[in-house]
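Input: a single structure, listed below in C-alpha cells.
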Amino acid sequence: MSIIDLPLLPLGKGRDLGTERGVECPGDLPSASDPTLVERARVAKEALGERLFVLGHHYQRDEVIQFADVTGDSFKLARDAAGRPAAEFIVFCGVHFMAESADILTAPEQKVILPDLAAGCSMADMARLAQVEDAWDALVDAGVAQDVVPVTYMNSSADIKAFCGRNGGVVCTSSNADAALEWAFAQKPDAPGGGKVLFFPDQHLGRNTAVLKMGLSLDDCVVWDPRQPNGGLSVEQLRDARMILWRGHCSVHGRFSADVIDELRAKDPDISILVHPECTHDVVLKADLVGSTEFIIKTIEAAPAGSSWAIGTELNLVKRLSQDHPDLSISFLDRNVCYCSTMNRIDLPHLVWALESLVDGVVVNQIEVDPDTERDAKVALERMLSLPGKSHRD
Ligand code: 13P
Ligand code: SF4
C-alpha cells in the first residue's frame, strides 16, 4: 500500500479494522437505556477506591465527566496523569492519543484504560509515521533538514511523538504552542534566516501561533500536503519557509466560519467571540479571544454577569459552560450541532463496562505504548513539560 492510500483510522489501529473495536466488548456492554448506569458507575468507582484515577477531557459528555477525578485540557491532563503514582488503574475519558501520552508519562506498573478503543482522533490520523518520515527525507534532499525542528501537536500518535524525540523536536498543546515554537526556533540560532519548524498535524494551530504569537507572516508559512509528491512544494519553497505546516485539521473546529461571526456581531455588537486555536486563521483573526479549552473555561468563569459570548469549540463543553453560567448569554458559534464524534464514543455504558471489569479483576482496553516508542516519545513530552513561560501553566 502506498502512503497515499493509507486509510484514516477512526476505529483505532490494529488488524481488525473491519470491526468496531471497543464496541464489541467482551462481556456485556450495558444498554444505554439502563436506568441504573449512574449508580453502577458510582458503586464500581467506590469499590476501586484509591486504586482508580479517572481523567476527563473537557469535551467529554456530562454523563461521563461527572465521574472524573480531574478534568482538563490536553496539557493539564498530561501533567495530571502522572500525579497519582499510587493509582493502579488510570481510566482515561478522552481520546486515544491522550491515553497513549498518559501511558508514557505514568509508571510502568500503572495501567491506562480507554473505555472505548474507537475513541480516536481524525486529526491525529492525518499524520502517519511513514508520511512524516517521507517528509523528513524530502527536507534532507532539499538540504534544509539540519535547520528544521519538528514540533508535533499533542493530537498525534505516540510514534509521531517518538519521531520528534529522536529528531530534536518537541510536543506542544494548544496552551503552549507559542512556548514550543520559541523553544524550537532557539534550537537553531545559526541556521540561515533563523531556522524552520515542521509542524504537524494541525496546520491551523501552527499558522495561528506562528503569525499571531511569533510575529511571522503568512508568507513565511507553506503547507506540506502528504498526499502530493514532495508535499506539493518546490525545493525553493522549502528553503524559503520558516513554518512548514502539515496539511491536517480538526473536523470539529474546521466547521466554524467567519461569516457566522459577522452575522452574530451584526445582531449583537457587544458579543465577544471566544475560539480555540484549531479554528481556521480567518476565524481566529475575527475572534476577540483565542485559547485552549482550559483558557476558554477560565475566560467564561471570569466574565461579567450579563455579558454575551459565542464560543467556537466542541459542543459538550459549550453546553456545559452555558448550563453552569446562567447569568451569561452563551451561544455555539456554528449554525449546526456539532460534537466531536470520537470524544463522544466514551459514554456511560463503556465507562461502566470498564469500571465493573476492573472490579472483577479484568483489565479491558489497556493502552500500552511499546518500550522503544515510549522512550523516544517521552523525550519530546518531557521537553514540553519543562518549557519555560507562563502560557502553558494553569
Ligand atoms: P485542548 O485540550 O488542548 O484544548 O485541545 C482540544 C482538542 O481538540 C483535544 O482533542
Ligand atoms: Fe480530534 Fe478535533 Fe475531536 Fe479534538 S475535537 S479529538 S482534535 S477531532
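Heads up, the Cβ atoms here are built off N, Cα and C, so glycines get one too.
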Residue from CYS93, CYS121 that TrEMBL also lists as binding [4Fe-4S] cluster with CYS250, CYS340: CYS121
Distance [Cα-Cα, Å, rounded] between HIS276 (iminosuccinate binding site) and CYS250 ([4Fe-4S] cluster binding site): 11
Annotated binding-site residues HIS57, TYR153, CYS250, HIS276, filtered by Cβ under 6 Å to ligand 2: CYS250
Span of the iminosuccinate site, taken as the largest CA to CA distance across HIS57, SER74, TYR153, MET154, ASN155, SER174, HIS276, PRO277, GLU278, THR293 (Å, rounded to a whole number): 17
